[in-house]
């Protein structure tokens, strides 16, 4: 599948940008399609076995689906009832929640209506049944027996019965007062020990929803503006960073030597063991700081031309967004597709929770369980969540790479396709879906073990010894680092595929060779560039937060606006991260194109550079 290509052939092959397009990693595309068919089978199986009806309409403890006629379950009394008129699930004790098994430990019944006011006694329950025709006690009790039959203590709801309302689309009666679940939310109760605090927070969100929406739009606009102007301020940001690093290192070293000299003068008058140890420690710190400062200054001297290249790449990236404005909307489309998939995945997951055959449990009620190999559908579904999510993100990376490659290797920008983004999407769908599937599968292979180890670490928290805990954290950290490295390599492999239309393994090897040959440049871009983008995110969050404080300060309709401000700042950071991640992606693609351009072209006739004039001036100035 592409991993066994000859290294000799690969080294002889030259890069031919945009000259040829061919299908890559077709077997992996077929494998991904088969996997998606398996995901569809799980969805179809859950619907065919009645899980969808049980989830949406709800079912009682005897296996009856509310709002329809039911089939008798062998060995279960009160099953097979006609509950056409009883469309809502009512729990006799809705606050009795089993956190371990994640379910309500209460008898569930189908009722005609939820109690819209609190019922304090069985007499109130009886009156509610006679007035509304909704019986809240078990089916074998008549309303007239609620106050006289001794079985009512077990077969009727625990009183006082809280006011409840049906959950939209799911036909469950849920208590209106969320304090019913207070004892299962200790962290929340610790924070809001006074319920009035929670009410004020919610009130703050509800009464300032227009301001929250406006501030979210402001963060969106600021992110778009920053993506355009960052090429003009990148040089200033780099100089600010350089000056701060130099002043910080020199200042810290100077302070340590000053403290050492002061301590030495005082130690000459009072010679104690503690004074000698402090003097020796200060000398070690001062020497270490001096060595670090010298090394840092030498590195900055050596890296100065690579930093200039980073500035030039940011400048050209700004031009890319001017010529390819649809790049700005890539986060929207990716986020929209991810939301659609996650909604589908969550729906099927809920279906899986109610699928299977009815089986009596030890309490005499019905549970739905899946037997045989089908019980492992959960794991398949979980792998599908990771692989398909990574596939969608990889499609975005390939789309951006294809569009930027088209921009870079088109000498006359007026000859660019009308919509390079759509042209890139077309090439992706026609030729490179297999490559994307393979790259995303590799990330999935690393992500799943890390998630399993994180789950084990969470389950064993407080039980394992210090050595086991350290080993688990070390393994999780190593897998996280490996995942980040593979993600970066994958992104460059997609760029190589977009340029040469080669399969994933060949592209990854070629991209890796290019990156190793330009290791210092890569280090400069990933340090200076990432810091600049981080400053951009901080700028957007701080600007949005400041605007939020100024606007919310003039509101008098509520007492607390901490939560609205937190919501706005979190949204601003998310938006800034999404947009500036696209910017970072464009810079990385431009760098790989630049490295390939400088390796295979020298500016002579027939081997002219493709690069922008800014990059050419920077390259020639420091060559």
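Keep in mind that glycine also has a Cβ here, set from the backbone N, Cα and C atoms.
From the options 137-158, 159-180, 181-202, 335-356, the stretch TrEMBL describes as transmembrane segment is 335-356. Check TrEMBL against the ranges 106-131, 236-261, 418-443, 444-469 and you find transmembrane segment recorded for 236-261. As stated in TrEMBL, the feature transmembrane segment covers range 558-580 out of the listed 489-511, 558-580. Contact between the transmembrane segment (211-230) and the transmembrane segment (531-552) holds: at least three of their C-beta pairs are under 8 Å, each pair 6 or more apart in sequence. Counted over residue pairs separated by six or more positions, the transmembrane segment (236-261) shares fewer than 3 Cβ pairs under 8 angstroms with the transmembrane segment (376-409), which leaves the two as not touching. A Cβ distance under 8 Å defines the sequence-distant neighbours of the transmembrane segment (282-302), meaning residues of its chain 6+ beyond its ends; these are 242, 245-246, 249-250, 252-253, 256-257, 259-260, 263, 520. Only residues 6 or more beyond the boundaries of the transmembrane segment (308-328), in the same chain, are considered here, and those with a CB under 8 A from a CB of the stretch are 224, 227-232, 234-235, 238, 400, 403-404, 407, 413, 416, 419-422, 521, 524-525, 528-529, 532, 579, 582-583, 586-587, 590-591, 594, 612, 614-615, 617-619, 621-622. Long-range contacts of the transmembrane segment (28-53) within the same chain, counting only residues at least 6 positions beyond its ends with a Cβ under 8 Å from a Cβ of the stretch, are 1, 65, 68, 344, 348, 351-357, 368, 374, 377, 380-381, 384, 387-388, 391, 433-435, 437-438, 441, 504.
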